Amino acid sequence: MGRGQIIMILVGLLCLANESYSDVIAKSSLQMCENTGNSDDPYNVVDQKACEKKLIVTLSVRSGQNGTEFLKAVTNVSKVYDQTEKEMARLYNPFIITLAKTPVKLTYPYYYLAMVNNKPTERVVISDSKWHASGSYHACSDAWDDEDALCGFYTDAEGKPIWDSQGFCCRCTEQEKWRGSFNDKNPYSRAGINCKLFGTQAAAHCMTFDDLWYTVNEVGLWQMDFSIHVKAYDLVVEKVGNKTQSKWVDGGEIVIGPTIRSGVGVHGRLHATFIGEFQSHKQFPVLTTKYLLIPYVSEKVDPKTHPQFRNGPHDYMLIDKHEVNYKSSGPHECDKIGVSFSAFRAQAPMGCSQKQGDCLHNQPKDYFEEDTKRRASGKTPYYFPQKFGKLLGVNQRKDNNHFVLTYEVDEVMTSMVTLQISADDVILIYNRAEGKILRAYAQDFEALSRDGNLYVIVQNIGLVTADFYVVIKECSVGIGKLLEKAASINPQQTHSFTFSVKAQQWKGGDNFCIVQLYDARRKMVDSSNVTFRTTEPCVCASSCGCSCFKNGFKCTKREDRDFTKTKPKDSGLDLGFFPKLWNKIKNVWDTVTSVFNFMESGWALLGTALGLLSLGGLKAFLGFRKTGSRIARFGFGGANKGRVRRRDGSGRMVTMEFNETGDRIDPETKEVIEPRNKKKELLLNLFFFFILPFLLIYHLVGWIRWRMRKPGSEDEEQAGTGDEQGGASPLHNIEARAAVDQFLQPDTIVYHSYSQDDYVAQFLINPGKRFCMAGRMTSLSGPSADQFRFDLLQAIQIYEVIDNKRRRLESVNSLNAHYFSRLLNAEAMIDCLSLKPAFPCLNVNRKRKPKQK
């Protein structure tokens, strides 16, 4: 084999979580020298010491191997023993190449999305109504943006109230009050309020937040992270004085892997290339369907003392995405992480019959406490990262500053590496040591669960670091197969192997497994028998409870009842309106009594009297002013203007006319026949608010009497008026009949008065506040002689009213005469018709100064 010859060496690296192999395929001969630890020089093969020699095709290099295996390449060694020719050969400049692979890690990048609260809770506020409110419906307010809302409002960063943060109110219905007062079974109340007659309790249910918050993070796809370290050592001979000394000089290190796939040594004698990774027989966990929840450090939470920060990343939680609602836009659902104010408030009214805290279950704190109990009892957690493998922690990537969740791979992985070295021969030195099983045991666990673990403690009793393999050779029926595990153990040190045991049958009982220990040469050095017991699984089914069983699942049956398949017929007496009526009466009574209770104080009574007198004086003052007459006439008092229908001293309805100052005048001569009594009006208005309640009662009694009057009573009152129509006529005296007759004279023009609020005003252009339209009256034939119709004299609008002055329109406004036609009786004619226009007339040219009413 010529000097400087370039050969290709393919190295396949097989690794467990902390172990790796390298398979070397080369043309050079490989010699394996067994190092038993009795020599100070681990490379005694160079000094021609005795060793076992054979051709090596594969070489294992385990990550974290601590130098148990070396790939030693020698070029131009001075002496080499040729097994074929049975003689020594001379070689020069030997060198050593070592390969090592770090533990394989899976990194899961995660990205921040939102914040959710650790444990929203429900706060209940019980309230009784005050003097100004009666009944439980007034004791609690949950209206939006109501400053008196019993729960108050949460506000955002801008200080604006958050929608639905006011919670909801629960009150006693009238049926519940009746049932509570008569010792009937009262329905469950969420707040436990006391529902009885005259009771005023109500409860506000408010959602509040815990001091601890969690960040919600999106988890990305996993990436494999490891590195392969290749080192070269050159043997250099130096002459010091009269002595020749040799030493190994570090020729540099090449680090390759998924990120840096190739490299060259310092002296260029070694070139390493990472080809790729073989696929594992087992799929790695995919966490893209879950959110990573990380507790958030704030001023209100001390991470040194808070229990949910105690174990760092080991207490983070991986929750299914469908269990988290972090978006404020919805959907708003109860009993999910990130429950919103809208979801909590949407419980009403049915939520009042639910338990306190309903809608606020399945929060991060609940998941944390559940997994903490499982971990303390030796069971596999549901949500902690431990469920998916051995968690190493959270690291930060150097390339993009992203944080990644890091797991250690517990599976055999294979990497392919190509080495190009200038060499003639490769010598393999292989460490081997004796070992023994100190203890092998398994804890009892529940069948069909993932809580079984088998532990094997191994000790290296040799003098060098060596590899050991633990194989679970055989187990009882129903126990799943367990994968082989391996580790490099330092001299006189121990290592603990953990295997996950699964029982794949319902039936519990005694079980066993045989544990075997092998050394680096695959020679069995020790074995042990492990016994353990599995229990029947305990299953919890909805509405059936929990039970541990042996012969399959059974659910408790419901007691047979005679269920009604069709809607039952209505029966019995429904008195549901009584509670409503009683509630209204009680509310009025409570209000009245609260007013009287307030009036018990002498100062309050004096202040109220002065206030009522002041209001009466204001009413009288406005009555004496021209613009305030309407206010003063409310109730009684105040100036009357124009024509007014009222009863005279004999009780008959007559039409009275008043001038601008409120004095009564004669309709024909316009002379004052009854001056206005201002002193009387002033006195009545001063005490008006004192007698207002009695005045209202008086009018109420009069209205009731009018409603209860028999149909014939009006006819009897009208007897003797000369009306032969049997009482259908509303005319009560000769004066009224004469006025009606004037309106019905042939060719007589009458004027119909309107206001801007009347229906016909919408068809006119700027009619003003009060106006009139000229027309004629027609007597209609029928069962009653007092039926008349008003029709427009001409269906056009000639004038408009601007600033209380009549002005001619630029063009005539055509009108629909049908809208202005109106059927009138005698009383209506007297009220709205006149022979002279009282207000500006809009459809005739007659000019007359209008009278302002």
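The backbone N, Cα and C atoms fix where each Cβ goes, and this holds for glycine too.
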Q. Quick one: Swiss-Prot says CYS359 makes a disulfide with which of CYS334, CYS475?
A. CYS334
Q) According to Swiss-Prot, which residue among ASN66, ASN76, ASN529 is annotated as N-linked glycosylation site? A) ASN529
Q. Can you tell which of CYS33, CYS51, CYS195, CYS206 is bonded to CYS151 by a disulfide, based on Swiss-Prot?
A. CYS206
Q | Given ranges 415-435, 604-624, 814-834, the stretch to which Swiss-Prot attaches the annotation transmembrane segment | A | 604-624
**Q.** Selected from CYS140, CYS169, CYS195: Swiss-Prot disulphide partner of CYS172
**A.** CYS195
**Q.** Recorded disulfide partner - CYS352, candidates CYS169, CYS170, CYS538, source Swiss-Prot
**A.** CYS170
Q.
Need the DSSP three-state call for CYS172 (disulfide bond) to compare against my parser.
A. coil
Q) About how far apart, in whole Å, are the alpha carbons (Cα) of CYS513 (disulfide bond) and ASN529 (N-linked glycosylation site)? A) 6
Q. So among the disulfide-bonded residues CYS172, CYS475, who's got the most Cβ atoms within 10 Å?
A. CYS172
Q | Rounded distance in angstrom between the Cα atoms of CYS195 (disulfide bond) and CYS170 (disulfide bond) | A | 11
Q | Protein Cβ atoms within 10 Å of CYS170 (disulfide bond), excluding its own | A | 25
Q. Taking the Cβ of CYS151 (disulfide bond) as the centre, how many other Cβ atoms fall within a 10 Å radius?
A. 22
Q: Return the member of CYS151, CYS170, CYS172, CYS206, CYS475 nearest to CYS359 (disulfide bond) in space, with distance defined Cα to Cα and candidates limited to these disulfide-bonded residues.
A: CYS206
Q. For the disulfide-bonded residues CYS206, CYS352, which one has its C-beta crowded by the most other C-beta atoms within 10 angstroms?
A. CYS206
**Q.** For CYS352 (disulfide bond), the three-state class that DSSP assigns
**A.** helix
